[in-house]
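K.L.:
Dropping the structure in here first, questions after.
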Amino acid sequence: MSYDISTDPVMQCLVVLTKLNNKPASAEALAHGLPFDPTAEKQRLFSLDKAKSNVSRAAAKAGFESRLQKRTLAEIPSVVLPVILMLKDDKACVLTKISHGRGIAEIIVPEVDDTPREVDLERLAEEYLGYVFFLKRTYEGTSGEDEEFGRPSDGHWFFGTMMRFKGIYARVLLGTLLVNLFVVAGPLFTMNVYDRIIPHNAVETLWVLASGISLVYLFDLVMKSIRTSFLETAAKKSDIILSSILFEQAMNLKLKERPRSVGSFANNIKDFESIRSFFTSSAVTAFIEVPFAVLFMIVIYSIHPVMARVPLTVMGIILLTSLCLKKPIYRIVESTHEASARKNGILVEALANLETIKAFNAGSSMQWHWEESTGDIATKSLKSRVMSNSLSIFSAFLTQFSSVAIIVVGVYLIKAGELSMGGLIAINMLSSRTIAPMSQVVALLSGFEQMRAGLKSLDELMNKEVERPQNKQFIRRQDIRGDIELKDVSFAYPGEQINALTDVSFRIKAGERVGIIGQVGSGKSTISKILMGFYEQDKGSVFIDGLDVRQIDPVDLRHHFSYVPQDVVLFSGTVRDNMTLKSPHADDRAIIRAAEIGKVNAFTDRHPLGMDLQVGERGASLSGGQRQSVALARCFIDETPLVLLDEPTNAMDYNTELQVISNLKKVTQGKTTVIITHKPTILEVVDRIIVMNNGSVAMDGPKAEVLAKLGGAQ
């Protein structure tokens with residue numbers, strides 16, 4: 001048996017704390033979106049041998065910043081209360097008051113009830129494990145997210161996250177300063193050897209200088225290694241956090257914000273790879289080292305002011321050329337990015353519908369679209385590469401030319417007695433080092449523009465409307481009776497001009513079983529999507545137990561529904577995995593019961609793998625009827641007050657359908673049930689029928705009366 005997250009001791013404590021904070025939330029809402037291993041025996045928020053990230057993320061959803069520390073009870077001051085104490089035997093409690101003088105404490109043990117009780121400190125110390133979670137309330141305008149994994153609420157999702165590692169980047173900057181100071185040592189060593197040691201044959205001084213420069217280079221090696229280590233550490237941490245933020249945002253999107261092309265959408269998320277590779281490459285080092293060119297210019301100027309003009313002029317030309325080509329390169333890169341998204345959309349769509357393509361011999365058409373897209377990308381990529389390579393070649397030419405110019409100018413200065421041979425060699429070495437970072441930046445210009453284009457597309461994703469905004473406080477309803485009411489509801493799908501629903505009004509009492517019928521496109525399935533909170537009505541209101549559904553957390557709302565969609569989608573894995581998708585904690589008894597309701601056992605009992613039968617991608621290994629059986633079993637894996645079934649038996653054979661209908665009559669008794677269908681057989685389950693026509697309610701009443709008016713009889 002798996003583990004019910006609502007019985008997790010730390011989660012129970014967090015739920016209690018949300019009540020104390022006057023912002024009650026359910027365990028399901030706090031756990032939603034947290035990364036739990038589905039194969040683990042227990043889905044734990046906290047374990048001594050694992051990171052506390054899930055605790056901090058759940059606490060952030062509850063409105064707290066959390067910090068785990070090892071403390072004795074004597075080291076916990078009363079001013080920081082309430083806190084969560086970890087107890088022996090896998091238990092936890094909320095410490096609300098503590099009096100060291102009186103030797104008593106007030107605790108709440110959610111496993112028992114939410115009532116505070118006084119206990120003796122000595123007795124509590126015997127049960128106390130030694131670990132405490134300190135909690136700090138977050139307020140509007142402050143960081144309302146997990147410091148470790150959450151999206152920064154007070155800054156840009158990307159740069160705000162990177163700023164969390166400003167301490168690491170400060171060390172990198174310090175290391176870069178030292179590395180560049182070490183660079184100066186080489187040319188100065190060379191200059192002194194040519195100007196002082198060789199003319200005076202000072203061998204002993206030579207060895208002293210050689211030892212010193214060797215030590216400097218050794219430190220240079222160490223500093224570069226440390227700098228690289230810091231950059232890789234920051235890259236690793238930011239990669240994990242940013243990937244988490246992006247995926248969480250994608251999962252939290254409102255369906256109206258979902259792009260029409262899944263492939264293009266996936267390609268946009270994939271853009272994070274180009275951003276990550278840019279910030280983890282030598283690009284960061286190159287950009288950091290550009291300001292230190294000033295240091296080398298100062299050293300060159302100190303040797304001879306005239307010689308500083310050569311690298312300064314070359315750098316100016318490189319910078320000016322880069323600025324001129326920056327916009328054209330960006331336009332090409334952005335266009336390439338859009339074309340790449342379209343290409344990925346074609347690929348995903350073709351692979352997902354391969355059977356249909358083969359059935360209608362549409363391979364030629366798809367091949368044409370693919371090759372057109374590929375050719376377009378190749379042409380645009382070629383332009384981008386040509387411009388970038390031309391800029392890099394021109395930059396390399398200027399670097400070589402600057403070396404020649406320095407030598408020519410230097411010879412005249414030596415002839416005039418204003419510069420020594422060693423000084424010329426040192427300036428030539430420093431000049432190359434001065435121009436090198438600028439040349440590297442130029443070479444990375446195309447990569448920089450790709451990063452910009454990718455960041456722009458991800459910014460669009462991060463700015464889309466989500467179901468559960470950070471600063472929105474939902475109302476928690478623990479007990480749902482099941483009253484449903486739609487009042488003057490109108491709705492049009494995104495991008496559509498015609499309403500799918502127009503002024504729809506009806507009320508379904510708790511425990512009532514209602515069928516919704518109508519022609520294709522009459523708005524039946526749209527009602528189910530509105531009830532599930534997938535879409536928000538454009539006009540009117542939807543109420544559950546008299547409360548507007550927009551005030552209910554979507555996670556809590558869907559937790560109270562047993563739902564079968566019109567288009568059944570299964571995930572790669574076993575039949576058992578798909579049945580327990582909603583409730584991973586379901587035990588074998590619940591699984592067997594659900595399998596019998598949906599008649600999954602009709603095909604798993606005869607198969608040697610049983611419930612471990614693989615369903616394939618999107619359930620491709622099962623027939624349409626079998627997929628619906630699994631969907632029904634998934635729907636009834638747990639008990640809920642609301643049942644919403646959209647064409648639950650339309651792909652089943654006659655005998656299986658009759659058995660399922662018989663089961664539905666029993667399992668839906670006393671529950672508010674809405675069955676959307678065009679098949680008269682399943683109407684046996686309902687007592688009332690609503691007829692939809694062109695997005696409006698055409699008829700509503702007892703089943704017998706409505707069927708009689710429609711000219712049909714059961």
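Yeah, the Cβs are placed from backbone N, Cα and C, and that goes for glycine too.
Pasting the feature list from TrEMBL:
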- 2-135: domain 'Peptidase C39' (DOMAIN)
- 172-194: transmembrane segment (TRANSMEM)
- 172-450: domain 'ABC transmembrane type-1' (DOMAIN)
- 206-223: transmembrane segment (TRANSMEM)
- 278-300: transmembrane segment (TRANSMEM)
- 306-325: transmembrane segment (TRANSMEM)
- 391-414: transmembrane segment (TRANSMEM)
- 484-713: domain 'ABC transporter' (DOMAIN)
K.L.:
Would you mind splitting the domain 'Peptidase C39' (2-135) into helix, strand and coil residue counts from DSSP?
P.N.:
43 helix, 38 strand, 53 coil
K.L.:
Are the transmembrane segment (306-325) and the transmembrane segment (278-300) near each other by the rule of at least 3 C-beta pairs under 8 angstroms (pairs 6 or more apart)?
P.N.:
yes
K.L.:
With the transmembrane segment (206-223) as the reference, find which of 172-194, 306-325, 391-414 contributes the most Cβ pairs under 8 Å.
P.N.:
172-194
K.L.:
Can you give the mean pLDDT for the domain 'ABC transporter' (484-713), rounded to a whole number?
P.N.:
92
